[in-house]
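I have a structure here, written as structure tokens, and I will follow up with some questions on it.
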Amino acid sequence: MEPAGPCGFCPAGEVQPARYTCPRCNAPYCSLRCYRTHGTCAENFYRDQVLGELRGCSAPPSRLASALRRLRQQRETEDEPGEAGLSSGPAPGGLSGLWERLAPGEKAAFERLLSRGEAGRLLPPWRPWWWNRGAGPQLLEELDNAPGSDAAELELAPARTPPDSVKDASAAEPAAAERVLGDVPGACTPVVPTRIPAIVSLSRGPVSPLVRFQLPNVLFAYAHTLALYHGGDDALLSDFCATLLGVSGALGAQQVFASAEEALQAAAHVLEAGEHPPGPLGTRGAMHEVARILLGEGPTNQKGYTLAALGDLAQTLGRARKQAVAREERDHLYRARKKCQFLLAWTNENEAALTPLALDCARAHQAHAVVAEEVAALTGELERLWGGPVPPAPRTLIEELPS
């Protein structure tokens, strides 16, 4: 049944009867031309569905498939809005029937897009907030002047250059990082908390010297999760924090590390094991961004970025805890938030420790790159010998002849 009433988007004096309804807000319209003037609603709907899939495929595939199908047909259609997947009024069965109407090849292609973590390329580019006023050209100079540093080993890129990523086993990092982390406007820098308690007020005894090594692990998860969720969205707050706590053993499992390299490798292992999508940064890119955050804007305010990141984390975890229903989830979020507040107080009083941590992270970044290049070279050689990506079937070397 066609919707009753006039079109809500026709120019004054040219109002036509409405023949269709917007699938998102049910606004009446008469033609494809009028629907396109209402394009923001459709784009927002599409973005919500893609983000829903990125947060762990919790949204039913029928909703995202219908959005993709509708947008594709809309581009191909010029005159007949009915052919663009826009039915007259609510379609029988709603959106759930559109997934079944896709051909098997279309379903497989769409599922490959999600399984490879490439759906993020469909979203607008996003730029980390710590690139806004990064140290940039001074980065190498700071590392060179740091005690015990080896400038020949450390090659952190300028603040406006995408990370020099290599292929991980699970994703092609350079292309994804370049598209999602390109030179585009980014989010505003989070505000550093105005009241940071003294570390002695949060600890009953002496602070362990291993506390510092939890920072790289937490910041790795922070950079990875922000890039994966394109800066985060309150609608995805629960999933954002689930990814954060899943990648960071320091936040999610109260894990302790003996070195910065161990802390980074623990987080990288979670991604390499496939427990979470690699995201646009990948493991190398996330290590690179940890060093950037630890270096801050420069020597005059090196701890600023780390304080801002930890403060942002504490606020985010606090908001998620208020929304959580299950007691176990609330407890996990509470402990993670307390950990961030403790690291915030520690960082505020130990700014001098950030440069050595940044150096350790930069070395771990390069060591990971060397290993990745060696694996890629070995893989290429094996594929050359095999004549393809899989080894040939074993041949029988000795065969007993019948008597």
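Including glycine, each Cβ sits where the backbone N, Cα and C put it.
According to Swiss-Prot, the N-acetylmethionine annotation covers M1. If you look up Swiss-Prot, you'll see 7-41 marked as zinc finger, on the strength of sequence analysis. What Swiss-Prot lists as Zn(2+) 1 binding site is C7, C10, C30, C34, and the listing cites sequence analysis. Among the features that Swiss-Prot reports, Zn(2+) 2 binding site is placed at C22, C25, H38, C41, with the record citing sequence analysis. Positions annotated as region 'Disordered' by Swiss-Prot: 72-98. Annotation comment: Swiss-Prot describes T161 as phosphothreonine.
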So among the binding-site residues C22, C25, who's got the most Cβ atoms within 10 Å?
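Going through C22, C25 one by one, the largest Cβ count within 10 Å is at C22.
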Using the alpha carbons only, what distance in Å do you get between C25 (Zn(2+) 2 binding site) and C7 (Zn(2+) 1 binding site) once rounded?
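About 14 Å separate the Cα atoms of these two residues.
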Excluding C7, C10, C30, C34 themselves, which residues in that chain have a Cβ inside 8 Å of the centre of the Cβ atoms defining the Zn(2+) 1 site?
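Neighbours within 8 Å of the Cβ centroid, excluding C7, C10, C30, C34: P6, G8, F9, V15, Q16, A18, P28, Y29, S31, R33.
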Please report the distance from the Cα of C7 (Zn(2+) 1 binding site) to the Cα of C22 (Zn(2+) 2 binding site), rounded to the nearest angstrom.
11
If you average the pLDDT over the zinc finger (7-41), what number do you get?
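Its mean pLDDT is 76.
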Please report the distance from the Cα of C10 (Zn(2+) 1 binding site) to the Cα of C22 (Zn(2+) 2 binding site), rounded to the nearest angstrom.
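Just about 14 Å between their Cα atoms.
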Would you count the other CB atoms within 10 A of the CB of C7 (Zn(2+) 1 binding site), including those on all shown protein chains?
21
Please report how many Å separate the Cα atom of C22 (Zn(2+) 2 binding site) from that of C34 (Zn(2+) 1 binding site), as a whole number.
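If we compare the Cα positions of C22 (Zn(2+) 2 binding site) and C34 (Zn(2+) 1 binding site), the gap is 11 Å.
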